[in-house]
């Protein structure tokens, strides 16, 4: 009789665990992001910047635009003309935040990110004329992310294989290869 009670207890626990696992996979798996190389190719402009102001909230589509202070153009600086630039030339308007087709697309004032954008197509004018539109997920600013995006822009393949000497050096002196760089937002 004791084993029956244990089985009766475990059945709801196991069924809850299975349902939870299936639902969590469905929720997390619904947004699949392209590889970084593909995202960089599809974006005409890649820049780093800080969100200064959130504007143009669309209550119907739950999307919004942001005024972004540009720190650095990683790609496509020549495509950004005087009509797109705001406030003396170091700010741009970026739209498409909140778009359900883009995975990581929510920002708050003060967030600094890597933006993959394109000029707004003509069918979105006049409401988005002279605006850049978010093309894919935002990336947080880290040294690794900056290096990976720069490598993609430069067309270099990332070489992750180490020689035996490099591997041994890295194991015994892991901080030896760290370089101090002055980043544009410091």
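Glycine is no exception: its Cβ is also placed from the backbone N, Cα and C atoms.
Feature annotation from TrEMBL assigns disulfide bond to 31-103. Residues or ranges marked as domain 'NtA' by TrEMBL: 31-161. The signal peptide annotation in TrEMBL covers 1-29.
Sequence-distant contacts of residue 103 (disulfide bond), defined as residues of its own chain at least six apart whose C-beta falls under 8 angstroms from its C-beta, comprise 31, 32, 33, 136, 137.
If you draw a 10 Å sphere around the CB of residue 31 (disulfide bond), it holds 13 other CB atoms from the protein chains shown.
The average pLDDT for the domain 'NtA' (31-161) in the predicted structure is 86.
Counting residues per DSSP class in helix, strand and coil order gives 28 helix, 49 strand, 54 coil for the domain 'NtA' (31-161).
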